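**Student:** I'd like to ask you about the structure that follows.
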Amino acid sequence: MMRTCVLLSAVLWCLTGVQCPRFTLFNKKGFIYGKTGQPDKIYVELHQNSPVLICMDFKLSKKEIVDPTYLWIGPNEKTLTGNNRINITETGQLMVKDFLEPLSGLYTCTLSYKTVKAETQEEKTVKKRYDFMVFAYREPDYSYQMAVRFTTRSCIGRYNDVFFRVLKKILDSLISDLSCHVIEPSYKCHSVEIPEHGLIHELFIAFQVNPFAPGWKGACNGSVDCEDTTNHNILQARDRIEDFFRSQAYIFYHNFNKTLPAMHFVDHSLQVVRLDSCRPGFGKNERLHSNCASCCVVCSPATFSPDVNVTCQTCVSVLTYGAKSCPQTSNKNQQYED
């Protein structure tokens, strides 16, 4: 890091002449009891197992039940039976393995049992229905919008362009081993009047740090879901760049005897804002999914998301969960090309 900082310093002198489950988020050991009335919304991370859905309410689970039977109906109103993905126990507990987008939807269980009067042995059949709304979700992909400022001798002259290209190259080299890169870099030169210092010229530089550099999939080690890896990498990339600019201020104020070149980093000018994006077929909706507001939740029927936006768009002809396109719509997501 220090070597890179010194390299930039030399360039500057040369150019100037001198990261617990929430209410309905559960891990593999979670258990959710049924409720009558409005169904709970349950969020299951993509490719993970769902929590165990229990076909009775908590109060009833503490009582003796005679001759219980359980009937589970899944999305698309299909009767569910045990298979390699759906696990249903003899006591009516359901778990879905390796949860995918199309498995989202309404899960309904009907519990039938008998009450028996001790005096007359009279039997009465009781039925109760429990609804569970289950949604696939995935963590958002992180990127960072950054802005910094550098003083410059003048807003006229090619050395500003040269410095800008050198800075981008240095930043890319800092984070290339993390499969991250700098995108959408830009700068403008402004005249800034500072009290007691008069008028100076500054470069206002902006760029985005993105975790999807060419070949980024190689860092996933073959995993189906790579958000954990890419988000971990982008956090490291953010930290390295922040350390780099902090080191710039340190070098100038401690290694150059208080004499700064005409072009230098403006201390405390670094601004960092996290940007979230969702993969195609997923989006954020704080109103509909308040218990998973920061999640990228699968797009519901009648909506779709073709790109990395965080909003599911309306498309009345879509009948499935996780739609990435709408009939007669052809949007292509470029960010995730390898």
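A Cβ is built for glycine as well, from the same backbone N, Cα and C atoms used for every other residue.
Swiss-Prot lists 1-20 with the feature signal peptide. If you look up Swiss-Prot, you'll see N87, N221, N257, N309 marked as N-linked glycosylation site, on the strength of sequence analysis.
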**Student:** Could you check the glycosylation sites N221, N309 and say which one's CB has the fewest neighbouring CB atoms inside 10 Å?
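**Tutor:** Relative to the other glycosylation sites in N221, N309, N221 has the fewest Cβ atoms within 10 Å.
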**Student:** Roughly how many angstrom lie between the C-alpha atoms of N309 (N-linked glycosylation site) and N221 (N-linked glycosylation site)?
**Tutor:** 26
**Student:** In sequence order, which residues at least six apart in the same chain have a CB under 8 Å from the CB of N87 (N-linked glycosylation site)?
**Tutor:** L94, M95, V96, K97
